[in-house]
Amino acid sequence: MDRNTLLASLLQQSKLVTPSPIALRVVKVTSNPDCTTSEIAELLAQDPVLCGKVLKTVNSCVFAGRLEPIASVERAIIMLGLNPLRSLVLGLSLPVAQTKNQTNSSLREFWVDGVSGGILAKELASLQERSSPGYDLVAGLLRDLGLLLLVQNDPKAWEEIQRNRMDEWVENPCAIEERYFGIDHVSVTAALLSSWKLPEDVVEPIRFHHNPQGLAAARKSLYGRAEMLNFVESLVRLDRVAESPRLLKALLAKARSLFDMGQEELIKFLEKISPKIQEIKDIFELDLGSANDYSAILSHGCEALLDLSLRGQFAQSSVGGGQAVAAKTMAADPRQTIDHSAGQTHASHTATTDTPPPAGHRLPAFKLEYLEELPVEGCRFDQFELCKELGRGAMGIVYSGFDPKVEREVAIKVLAPQFASLAEARQRFMREARAMAAVHHPNIIGVYTVGTVERLPYIVMEYVHGASLEDLIDQKGPLPIPQIVAFGCQMAAGLAAAHEKGIIHRDIKPANIMVDTRDGQAKIADFGLAHGIDDLQLTQAGTLIGSPLFMSPEQIEGLPTDERSDLFSLGGVLFNMCTGAMPFQGKTIAALVRLIGEVDPAPPRTFRPDLPVWLDALVMDLLKKNLRERVPRADMVYSRLVKYR
């Protein structure tokens, strides 16, 4: 049988239960950052089995212990958010082997290696601060699907490889597979995933992950993902790799070149990851043969994937002994502030940074490849100049820039190219610009103009010399009372101006408050989640709208929000400034959801007795769970603060 015929035969056989078309459509729809809850729920409703598995997993694994189970699909979607939901749906619908008349060892081995690869890929992506860690997780998870097909199609050939050629296979799997199977597993995997219409961002790195140099001329993100998957493959098979001094030396060289990890750092990294992988192994030691289906096992496996998607949202400090006992590690460059949980990036730098080029200096014109790596000297960008990349989030890249017409420093936010073709993403990006431009206030970052270059929308904004309030608290801990009052007044004034225009921010948190070091002004940033008070459809935008640590109870429950939701979040920010810690601290999303919805936080004076009674009372009034008891308007918050300024 020739290679093409063999490939067609492998893909046609029902050795794998193909993910349902509904599951693949859910994954595609949830990749759109502006999809709605109703869209996703309507899709899930077309696949009752998948819908039931989602609810089962949400209740048994993720939100176990709630007083009432989550019975609504819409509620489950809102509680999870896009990225965790995508991981869950993908995991629950991952193809599983038909085990009738087959041993289960290959299935167990495949699942352990697959989920371990997903865990490693996601963790390594976080070390590199990659722009699409969701793709990294999916690629790590799916990279060896073709191997399972090959093994099930010709188990005797696989037994022969394991018995006599395993060392050679670890070193050069594709060559050995070609000899024994007639085709290699990466070709099968790539063809299978292409037939499922998964994006090239996943398929091509998998196709070349045993030979990353084959993508050296491709987009930097594809090449980087292929290199990372190659490294993941070595880690998954570390027991075999360690037996070869040459392979082990190559592994250590990759760790150094890709992740700047020496041998000790690599060992520490693996020590951190190994408990998660061991847990996966324990899960898949369950008796598969006695199960009518795999839903219980897949549910447990997906819990690990969900943990990967959710964990970054809770890495915050906690109160102990009246002070913060943990703080986030600062970025090496203090001028750069990136909020990874929300995918937003802020421009922030010192006054001496990014001096514009001298008059007459000719910069190169902007090219799309400059989004991967900006020239050292910068480039021309429409009528502006891009000077330096400040940071990137899931949807956008922010640069320091210069407007030569008015000789003014600016910040330029560009929509990431992978979202530029999505109408919904463009609308959301421009909604941020409209929201910020609609409110002219010294405590809201100003928008100068918007435009499009190479079909990429961009926003030109005020350039803030300073850092985020989050960074300030991380550096100094609880702030002095006069500074708390000053920043509180400024934030309340900015919110009052936005609310007067009918704009609700929905993501007030310290990372979204920029502090100008020149005049001490606090400025509200990132209106990417903002909406009008009457726009209820956007209240259910399919993600955890806002940062969980500062979300209001109504946001947690997926209910319509108004200006009082912003004020609850403002209360959380004031609490953070007063104590250096979060008002609600749960180790899991289930615990955090319960605390925000059901438990009142301890008053700030519990942790800082020197706080004025009036300030303590204001914070607690803002954190009221009952909307009718909460301070109703931002101008009233301002009035209560300004008396003590």
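Cβ coordinates are placed from backbone N, Cα and C, and glycine is handled just like the others.
Features of the protein shown, as given by TrEMBL:
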BINDING   Lys413  ATP binding site
COMPBIAS  342-354  compositional bias 'Polar residues'
DOMAIN    16-212  domain 'HDOD'
REGION    340-359  region 'Disordered'
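Counting every protein chain shown, the number of other Cβ atoms lying within 10 Å of the Cβ of the residue listed as 'ATP binding site' is 29. The average pLDDT computed for the domain 'HDOD' (16-212) is 73.
In the three-state DSSP classification, Lys413 (ATP binding site) falls within a strand.
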